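According to TrEMBL, the feature domain 'Deacetylase sirtuin-type' maps to 13-263. Taken from TrEMBL, the feature active site, proton acceptor applies to H136. The annotation Zn(2+) binding site is assigned in TrEMBL to C144, C147, C166, C169.
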Amino acid sequence: MQKNPQNNSLNHPQDYKQQVNHLAHLVEQAKTVCVFTGAGASTESGIPDYRSRFGIWTKMEEEGKDPQYFAHYKRLVEDPAEFFGRRIGNGPGPKPNPGHYALAQMEGAGKDIRIVTQNVDGLHQEAGHRSVVELHGSHHRWYCMGCDRPYKFQELRYDHQHVPRCYICNGVVRPDVVYFGENIDPKIVAQAERAVAAADLLLIVGTTLATGRAKRLARSYTGGPVVVINCDEISIQPIKVDLFIQAGFAQVMQDLKTRLDHI
Ligand SMILES: [Zn+2]
């Protein structure tokens with residue numbers, strides 16, 4: 001069955017049930033599943049996404065602001081007070097949603113499910129998932145830009161401008177996150193490439209694959225079917241999509257797990 005996001009705007013309940021059954025069948029048949037997750041997987045944990053209708057970047061662009069400017073490495077270096085002043089709240093807080101747990105439980109039950117995530121919230125690991133590649137780093141890990149000393153979020157101490165500072169050298173302590181203007185560590189890219197190459201089923205969840213790296217990774221996939229799960233209709237051309245489910249991550253993953261439990 002071929003389905004294209006563009007012509008799947010009607011999503012009747014019976015269609016959804018059939019789609020989840022189809023997905024369960026594909027997962028059951030697959031030896032290795034690669035799940036590519038983006039911001040849409042975390043919105044149900046209370047973290048706003050970037051590019052959906054109500055996303056952070058969509059809102060900024062509507063206000064005439066350039067989102068790349070606010071999350072650019074140059075700003076972190078040149079004006080850390082401004083950078084951290086605008087980004088307070090990044091760090092642990094949100095909890096995994098039922099979708100994260102369902103995926104982790106499927107892995108725990110013996111399915112080879114390798115996650116490649118664009119998210120920096122660490123929620124897949126917190127839910128217990130073991131095979132996770134964090135393409136853009138993690139807000140759970142921080143390090144000093146002066147001496148490289150690693151820090152945990154809970155250890156951070158801030159100066160009067162609310163800039164996290166190193167106990168040893170007083171350097172700026174930053175999240176181990178890839179900002180605009182920075183490159184992904186080649187070792188992480190290689191891990192992600194291995195996860196994609198090993199898979200014979202690719203699920204693309206909650207992401208429009210807007211960054212070049214994410215798109216190139218997905219395009220490098222030569223395994224079996226491709227399934228897209230997203231709340232909004234999206235286009236990820238030129239990737240050929242075998243099944244599109246227009247629904248939320250948590251709902252689909254829970255229903256998938258329930259279905260697999262009964263196979
Ligand atoms: Zn330091």
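Think of each number as a place in line: the chain as shown, counted from 1.
For all residues, glycine too, the Cβ spot is worked out from N, Cα and C.
The record gives C144, C147, C166, C169 for Zn(2+). Within 8 Å of the mean position of their Cβ atoms, the other Cβ atoms in that chain belong to M145, G146, D148, R149, Y167, I168, N170, G171, V173. A Cα-Cα distance of 26 Å separates C169 (Zn(2+) binding site) from H136 (active site, proton acceptor).
Ligand 1 lies under 6 Å from the Cβ of C144, C169, out of the recorded positions H136, C144, C169. Residue pair C147 (Zn(2+) binding site) / the residue listed as 'active site, proton acceptor' shows a Cα separation of 22 Å. According to DSSP, H136 (active site, proton acceptor) is assigned to coil rather than to any helix or strand.
Take the binding-site residues C144, C147: by the count of other Cβ atoms within 10 Å of each Cβ, the lowest one is C147. The binding-site residues in question are C166, C169, and the one with the fewest Cβ neighbours inside 10 Å is C169. Under a cutoff of 8 A between CB atoms, and with a sequence separation of 6+ in the same chain, the neighbours of H136 (active site, proton acceptor) are Q118, N119, V120, V177, V178, I184.
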